[in-house]
Amino acid sequence: MNVSLQQLKVFVAVARERSFTRAAREFDLTQSAVSRCVRELEEAVELKLFDRTTRQVELTNAGASLERRIGRLLDEIDLTLREERATFDGHTGVVVVASNPVLSSGWVAQGLAVCAAAFPGLIVSVRDQPQSSVLASVEQGEVDFGLVSSVEPPDSDLLHAQAIFTTPLHAVLPSAHALARQSNVAWTRLSESPIVTLNADAGVRAALELALSSNGMKRRPMQELGHVAAVLRMVELGLGVGVLPVDARWPGLSAGLVGRPLVPEMNLTTWLVHRRNRSLRPNASAVWAQFAAAAAPSHEDAAMSSHVGSATPLHVAAVSSHSSAAMSSPATGAQSAASSEFTRSATLRGGAALHEP
């Protein structure tokens, strides 16, 4: 039996209107085309569906029975298709994003808040993972996209990356520290104190090692921690000089600490990453666009960033990293909005197992 959806729709319209002419207007067809469509349906099901006269069209018993059942089926098909379109048009559904712990506890939460305010019907679930696991999850299709921080784009031929903002590395010091009286701190001055920083999970260590080698300093033992709050606490207790990305998008410094730009400047870039040559689902693309737009610097960001580098300490409570999930929602629009796009060719190194809290 070869029956088309169009034949069924035309049949239901003729049954409802009791007229081939009115049904033809509904589908913008000729009356003869509607008659042919119904005749082909009758031949396919081997049933007479209408009694036709020159003055009226009436359903046969078989036609009436079929009309009731087919009408319900067509309504269900229409509802199903509309619901599916709504799921993938960027307004509903679930988008899964992976992020390194420091971004999750700071800037990502701000991005989620922007999405939630604009599109409350979309759920954005954040997986808080070490940076290598974020990249592995994106490559393996376990998440829609990820956020990582590094000096260069992720070194993988499977990933496409878009830079959304850069953050300069700062020396973080107690306000009474001798170096705190300077407007900036040379990298070579770090040889005078132990270094306290974030571990590889946040992408800071690689940037720090590059800066040290670029300034002719040998790699040295350093305290590497998983949480910004832990780094700040050790610095507060005089256990070393902290090296952290510091601006309005990253977790702020606690009272009694100051950030001084390290010179020559070394920036840590935050990247949105997704599978190369694979389009994002519309709702994921909308969240990507929201994140990119939310990362664009504002006047307030600029003011706060300059405040960090001034002689006055930035009094903002530090936030420890944690996993998060939030309600948010899509915007319509393309996946660009802030900064240039990059793709890199190489092989991903270190595909750690996915970790969730």
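Placed from the backbone N, Cα and C atoms, the Cβ positions cover glycine too.
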Exercise for the section: Quick one: sort out which of 70-101, 326-357 is the region 'Disordered' according to TrEMBL. Expected result: 326-357
Fill in the blank from the handout: the domain 'HTH lysR-type' (1-60) resolves under DSSP into 36 helix, 6 strand, 18 coil
Handout entry: Local confidence of the prediction over the domain 'HTH lysR-type' (1-60), expressed as mean pLDDT
Key = 90
